[in-house]
Amino acid sequence: MAPRAEPPDGGWGWMVVLSAFFQSALVFGVLRSFGVFFVELVAAFEEQAARVSWVASIGIAVQQFGSPVGSALSTKYGPRPVVMAGGILAASGMLLASVATSLTHLYLSIGLLSGSGWALTFTPTLACLSRYFSRRRSLATGLALTGVGLSSFAFAPLFQWLVSRYAWRGALLLVSALSLHLVACGALLRPLSLREDPIVGGPAAQLTSLMHHGPFLRYTAAITLINTGYFIPYVHLLAHLQDLDWDPLSAAFLLSVVAVSDLVGRVVSGWLGDAVPGPVARLLMLWTALTGVSLALFPVARAPTALMTLAVAYGFTSGALTPVAFSVLPELVGTGRIYCALGLVQMVESIGGLLGAPLSGYLRDVTGDYTVSFVVAGAFLLAGSGILVTLPHFCSPASASKPRDLVTEAVDTTVSRTRDTLGE
């Protein structure tokens with residue numbers, strides 16, 4: 001395939017968006033709906049809830065920590081075979097889980113095997129999408145990530161019906177068949193050759209370059225802080241509402257409001273990211289700051305109307321920051337390095353995701369309520385937005401796809417190689 005100077009901003013790229021839509025649904029939709037199996041597994045194995053909860057936790061950790069492996073393999077072999085292999089691993093893990101006889105089997109099947117499959121699918125697909133789009137990158141990413149919200153609505157009742165009809169083993173067997181569609185999604189990923197690809201080098205050279213790239217390191221730190229507070233409402237908002245003597249059904253409805261607002265926010269933010277002139281980093285800073293403020297205000301709200309308003313605000317702004325967060329990265333490191341960069345970010349930000357909820361629970365145990373927990377969660381996001389202000393693209397016009405310092409570095413490298421070849 002002849003190298004392109006710039007991403008095509010359409011064409012087969014929309015098929016990549018479709019693939020990313022279904023992949024985000026089949027990865028994070030399954031993870032978000034795994035609570036349906038949680039109750040069944042506690043009863044089936046007669047184990048403590050804490051031990052059973054490690055099944056999903058291990059899967060999430062492996063997915064995020066293993067992302068650099070999927071990125072490195074995609075850089076070398078292209079995303080199509082890597083994602084297809086990941087789909088087979090994810091489906092195999094669910095298949096083996098359906099015949100598990102102990103929690104250890106579930107740790108290895110769903111946690112390790114399916115988690116490894118998810119690591120080989122999600123990050124390479126989003127990186128591939130970023131290479132196909134430049135001017136419409138935020139919109140394309142926003143549309144792709146709506147699969148998470150829609151599948152969260154669809155999978156929870158679907159899985160519950162499957163469990164009631166076929167028991168948890170039969171339901172996991174059917175989830176395995178559903179996960180096998182990741183292979184078809186991977187087949188839709190066509191390799192795209194860009195002119196800067198030979199210049200940026202292989203995975204090792206890219207990793208070395210990124211570890212010495214200040215803006216990328218600051219961006220990674222900001223995303224890690226954001227991730228620390230981002231998921232706390234999904235874990236503890238229901239418990240906070242129960243502390244306020246809310247009816248469980250009403251509390252669950254409020255979480256549905258958050259999910260709907262999240263879905264709308266992703267689409268609107270994706271459109272604004274391409275329509276509003278100026279660096280996308282400014283939008284990311286805005287949505288992050290507003291999300292932090294809405295989180296910090298949750299303990300202040302007591303009336304149902306105020307809580308509903310905050311739920312809409314949090315859902316919209318937290319959904320809105322997601323697509324632009326992925327759009328900022330190619331502007332910082334260039335599309336040639338996107339596979340390696342996105343994998344590193346996913347790995348590092350997982351630290352925040354793993355520590356955020358336990359820290360929130362600890363603060364609740366110490367103080368007796370969730371006031372400090374939500375304030376600290378908001379502070380993490382506000383700190384992340386403060387770091388985003390230091391990015392070079394925040395104060396200067398964003399480049400099309402190659403940041404200035406990396407372009408200069410790439411040219412210098414090319415000139416040096418040419419001189420070596422000529423014997424100068």
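For all residues, glycine too, the Cβ spot is worked out from N, Cα and C.
TrEMBL annotations: computationally assigned, not manually curated.
According to TrEMBL, the protein has these features:
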type: DOMAIN; residues: 13-396; note: domain 'Major facilitator superfamily (MFS) profile'
type: TRANSMEM; residues: 12-31; note: transmembrane segment
type: TRANSMEM; residues: 82-100; note: transmembrane segment
type: TRANSMEM; residues: 106-127; note: transmembrane segment
type: TRANSMEM; residues: 139-160; note: transmembrane segment
type: TRANSMEM; residues: 166-189; note: transmembrane segment
type: TRANSMEM; residues: 216-237; note: transmembrane segment
type: TRANSMEM; residues: 249-268; note: transmembrane segment
type: TRANSMEM; residues: 280-300; note: transmembrane segment
type: TRANSMEM; residues: 306-326; note: transmembrane segment
type: TRANSMEM; residues: 338-359; note: transmembrane segment
type: TRANSMEM; residues: 371-394; note: transmembrane segment
Same-chain residues at least 6 beyond the ends of the transmembrane segment (82-100) with a Cβ under 8 Å from one of its Cβ atoms are 23, 26-27, 70, 73-74, 106, 108-110, 112-121, 124-125, 169-170, 172-173, 175-177, 179-187, 189
Range from 12-31, 280-300, 338-359 with most C-beta pairs under 8 A to the transmembrane segment (166-189)
12-31
Report the listed stretch (139-160, 216-237, 249-268, 306-326) having the maximum count of Cβ pairs within less than 8 Å of the transmembrane segment (280-300).
306-326
With the transmembrane segment (139-160) as the reference, find which of 106-127, 216-237, 249-268, 306-326, 371-394 contributes the most Cβ pairs under 8 Å.
249-268
